[in-house]
Each structure stands twice: as C-alpha cells, then as structure tokens.
Amino acid sequence: MGKNKQNGESDNKSEKKNQKNGDSSVDKSDKKNQCKEIVLKVYMHCEGCASQVSHCLRGYDGVEHIKTEIGDNKVVVSGKFDDPLKILRRVQKKFSRNAEMISPKHNPKQDQKEPQQKKESAPEIKTAILRMNMHCEGCVHEIKRGIEKIKGIQSVEPDRSKSTVVVRGVMDPPKLVEKIKKKLGKHAELLSQITEKGKDNNKKNNNKKEESDGNKIFSYPPQYSSQHAYPSQIFSDENVHSCSIM
C-alpha cells in the first residue's frame, strides 16, 4: 500500500510539471499569435498614395488589415507580426523614407548599440638577424630590395663582410625566412631575434628623458648696430643764433 501511494504521488507531480510546461508553451504561442496594431505617420496627398501604401504592406509579415487616413496622414496596420519595425522599414523602403511610427513608441537608442571598441595593442617591432651568402654588391642590392617589399618590414641592413642581414619591422622571423626562400630563392638562416617595446613605451621613455633634461635657456649674442651721425649745425649759415665771430 505504501509503495502504491508513493507511485501515485510521483505520478501527480509529473502530471503537474507537464501541465506547467504545457501552459508555458501555450502562453508563448498565444503571445506570438496575438493581434497587434501599429499607427504610422505617412504623408499621402491622394488616393493613389494610399493605394500604394496598402499595396506594399498587403500580405507582408502577418499583416491582416490596413486602414489609411489621408486627412490625418495616418496608416493603421493590424495583424500577427513579430516586429513592428519591419512594417515601418517596409514602408520607408517601398513608399517614403519620411515615414514615422506613432504607436507603439520606438526608442532609437535601443537599435543603435555602440559596438564595443576593442583595445588594439601596439604591434611588437622585432629585429631579426639572418645569415645569407652575398657574393657581390649586386647580391646585396637584390636582397635588400627584395626584403623591403615584404609587408611589415621597416629597415634592412645587409653586411657583406659578415654575411648577415639585420631586418627590423612588424613580422614573424621564422615566416620571414620562408618568404625570403620563396620570393627571392635564396637560402636564409635565422641567427637571433629581438623583440622591441611598443610605441607607447617609447613615448614614456622620451617623456622621462625630457623631464630629466630640465629647462634649457638659450642666449643670443648681441647684434651689430650702426647709427648714422648727422653733421653738427651749430656753426652753419642756417643757424641764426650761432657765434658771429666764427
């Protein structure tokens, strides 16, 4: 008897859960099947405009009924559609871009979601030292010109006496060796690589150097100035008050 009671209680619980799940699914389907109504503001100056509006919405995305009011420039659309904005965009695309939604009120801020700005890390500048055989100045020029054409390379410094090439730029040194073999057809061997700091760190170091230097004062030497000396008019004939003896 006890086992039968437990089995009966478990069956009742399962039936209640199924009923709840069924009710929730029915509620969701009812919400989707509910008839909605939206009011659009569309400028219509004649019956032809009204027929164009109703023609572009007829049978679109669950639209069932369309009512146009030319005097008030309103279009009332009712039906079982999911998104009212689709109806508005349909009218803007097919009839007029100046169409607006009166009800339900729409918040444009919800659509204009600002994309998350990803912080771009400063690219790492690397310096790779490669071993390459260079027989003459022509080989040196060809290697330098060929490596400079590779994307991300900033500077190339070949040294014929040591058979080395110092390459600086934003790159992956092992891949650079493969590109040199494919494009130039020359053997290259990676000896060492150095990763430099980003641009931001360089700016900080420069600011520290400027602060340590302090304020500099520059003094300019005096300039040569020549003044024109006018002749004395004390004893001239034009001076009435000059000495008569003189």
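Numbers here mean position along the shown chain, with the first residue as 1.
Just so it is clear, glycine is given a Cβ too, placed from its N, Cα and C backbone atoms.
What Swiss-Prot records for 1-31 (among others) is region 'Disordered'.
Taken from Swiss-Prot, the feature domain 'HMA 1' applies to 35-99, supported by sequence analysis. Taking H, G and I as helix, E and B as strand and the rest as coil, DSSP gives the domain 'HMA 1' (35-99) the counts 22 helix, 19 strand, 24 coil.
The Cβ neighbour count for Cys49 (metal cation 1 binding site), using a 10 Å radius and every protein chain shown, is 17. Feature annotation from Swiss-Prot assigns metal cation 1 binding site to Cys46, Cys49; the stated evidence is sequence analysis.
Here Swiss-Prot flags 96-122 (among others) as region 'Disordered'.
If you look up Swiss-Prot, you'll see 108-122 (among others) marked as compositional bias 'Basic and acidic residues'.
The feature domain 'HMA 2' is assigned by Swiss-Prot to 125-189. On the 0 to 100 pLDDT scale, the domain 'HMA 2' (125-189) averages 87 in this prediction.
The Cβ of Cys136 (metal cation 2 binding site) lies under 8 Å from the Cβ of no residue that sits 6+ residues away along the same chain. Taken from Swiss-Prot, the feature metal cation 2 binding site covers Cys136, Cys139.
Annotation comment: Swiss-Prot describes 191-226 (among others) as region 'Disordered'.
Taken from Swiss-Prot, the feature compositional bias 'Basic and acidic residues' covers 196-214 (among others).
According to Swiss-Prot, the S-farnesyl cysteine annotation covers Cys243.
The cysteine methyl ester annotation in Swiss-Prot covers Cys243.
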Worksheet, complete the sentence: Taking DSSP H, G, I as helix and E, B as strand, the domain 'HMA 2' (125-189) contains 23 helix, 20 strand, 22 coil
Worksheet entry | Rounded Cα-Cα span from Cys139 (metal cation 2 binding site) to Cys46 (metal cation 1 binding site), Å | 81
Discussion item. If you count CB neighbours within 10 Å, which one among the binding-site residues Cys46, Cys139 has the smallest count?
Written reply: Cys46
